[in-house]
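Here is what TrEMBL says about this protein:
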DOMAIN    A:67-275  domain 'ABC transmembrane type-1'
TRANSMEM  A:12-37  transmembrane segment
TRANSMEM  A:49-68  transmembrane segment
TRANSMEM  A:75-93  transmembrane segment
TRANSMEM  A:99-115  transmembrane segment
TRANSMEM  A:150-175  transmembrane segment
TRANSMEM  A:211-234  transmembrane segment
TRANSMEM  A:254-276  transmembrane segment
Amino acid sequence: MRLSKPVVSWLYVAPLVLVLIPFFVVPIVVVLIASVFDTDGFGGLIPTFTLSNYLNVFTSTLTFNLYYETIKFTVLTWIFTLLLGFFIAYYLVFHVKNQLLAIGLFLLCTVPFWTSNIIRMISWIPLLGKEGLINTALIKIGLIHEPLGFLLYSSFAVVVAYVHQLTIFMIVPIFNSMVRIDKRVIEAAVDAGASRFDILRLIVIPLSKSGIALGTIFVVAIVMGDFFVTKVMSGGGSASVVGAFYEDIGVLQYPGAAASAVVLTVILMTSVALILRTVDIRKEITS
Amino acid sequence: MAIQRGAIELAGLTKSYDGVTPVVQGVNLKIPDGAYCCFLGPSGCGKTTILRMIAGHEDPTDGEILIGGENVVGLPPVERGTAMMFQSYALFPHLSVRDNIAFALRVRGQDKAERYRLTDAMIEKVRLTELRDRLPGQLSGGQQQRVALARAAITEPRVLLLDEPLSALDEQLRIQMRSELRRMQRELGITFIHVTHSQLEAIALADIVVVMEKGQIKQSGAARDVYAAPKDRYVAEFLGGQNVFSGRVGTVNGDRIVLQASEMKQVAIPLCGARVKQGDAIDVAVRRDDINLLRPGATLAGDTSSLASRVMGIEYQGNFVKVMLDPVGSDEFVAYVPERTFFHDPLDIGDVVMAAWPADHARLLA
């Protein structure tokens, strides 16, 4: 049997479409519609068209504080995951001569992922707590007399947990673009008299740009879309954008939560678009 | 006389990656300043390793490398005054032609204006002016090769090292770039060391051809000496253009010996000072273009060796005709007949011929 060309093309994309429509397009549309509805205050939606939910989001100083807080965590997490991810990938690609060892070490980086997110986060508590490992050790060796309070239930703890969770998302794409750098290109740079730092600055970083961009998208999207880590690790001391509309939902304020969600989605999509403008991501995925 | 800056001397150069099997073993060689030297050999013979050791990308296990009379082992490439042109070029894919060529000057901290002035002059020299803002991926193979050459030459090295520079190009371009390499070498007046597995490339370009096998130099010398007077069977077969016969010494009389082989009548070979005695196994080379093919019964000129044979195959090559004859033992037997001579009285497959050559032109191999 011969099928015409467009039919064949549609058949190829059909599985993806069948997944995307019910699990992505429909929920987004539902949220979009809910964001312009009114609420009766008891969880019911009144079908109208109103922009008051958006008005509330944009006029509330709370929104700006929430974004400030979330963006602060995003930027800090991004900086630390980027530094760690870049240099771990750099070490694996350029300094581990034995390829088998490099792959082994690479797999080692994924070990934290063998347990659940929540367990990984909670396992920081015995380490960072007031009577945790670090405080006890520091007191025992006499460096401090009182336990350090900022270690747990603080912004510090939030960033630590995020970095722990998300560094792998930097390592993988950066590793991926670094292994594709021709070793002879590095050698040619050495031949031209480039120092190790010159090679890093002029060759490795520019050629890992797409990996850095991909990793950045993962980290930024995950941190901005998360509230759980912030909530648990800050001990409730820090709020986040998603945390706020999670609470809206808790008090049945669906339209307000929907409007916040739409705003966040737009902001995230804009950031991703801006990141993608700096690199040719297609090259990274296809070649 | 002072040792010139681009003169190279390799002394007992040895390299082994695992400490057991040497890739390069005890290579000794002198290359004068400003020479075009070709390392020729099959892949895995150690020629690229030697090049990389001269360049400073590989450390020798043993031995010395002298450039301009100074031992450079352990020095980084920049301090050696060498520059390397890599196989398949290894251009920086994210930099324009201009920035690729300017790279070495940039990392030397030269300011932008001066850097680009020198670079543009070099771009002019390799005729890439219109393409200087392109990325390497947008260039053809020949253009990439010129960028690689310019990038290596920009620092005015005393030695330029080329690792199979022409292997990525197609046949026609290869011949064209070959003469361009030679032209650049004359213009720059520096030592070129060129690694190749193509004997055509080597003899066309080089002042000195170095034939290698299994990490050792088999023969080195002027292109014509190596081609016309190969030392042994390996060199003769690798450079081509020779028929190599093996056999035993029949009799020795004066400055001639007689070669005895099962399928051959006795053939006289000039001795040229070599010392052999009756019964020794020997190899003899006869140039393919020295062989005259005559119809049976034709009279031979004086002092000619000859062999009765049969035509097995004919290949037209344009300026000559390659005639494959009945193999002598396991050795290929081929005659290159000038085109006009051949078509004056064309032979056919299966024809019986007398293959004759001036007795003096046969050479005893080591």
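Glycine is treated like the rest: Cβ placed from N, Cα and C.
Annotation: stretch A:75-93 has the most Cβ pairs under 8 Å to the transmembrane segment (A:150-175), among A:12-37, A:49-68, A:75-93, A:99-115. Cβ atoms under 8 Å from those of the transmembrane segment (A:254-276) belong to residues 28, 31-32, 34-39, 43, 45, 53-54, 56-58, 63, 213, 216-217, 220-221, 224-225, 241-242, 244-246, 248 of the same chain, restricted to positions at least 6 beyond its ends. Proximity of the transmembrane segment (A:75-93) to the transmembrane segment (A:12-37) is not established, fewer than 3 Cβ-Cβ distances being under 8 Å for residue pairs spaced 6 or more apart.
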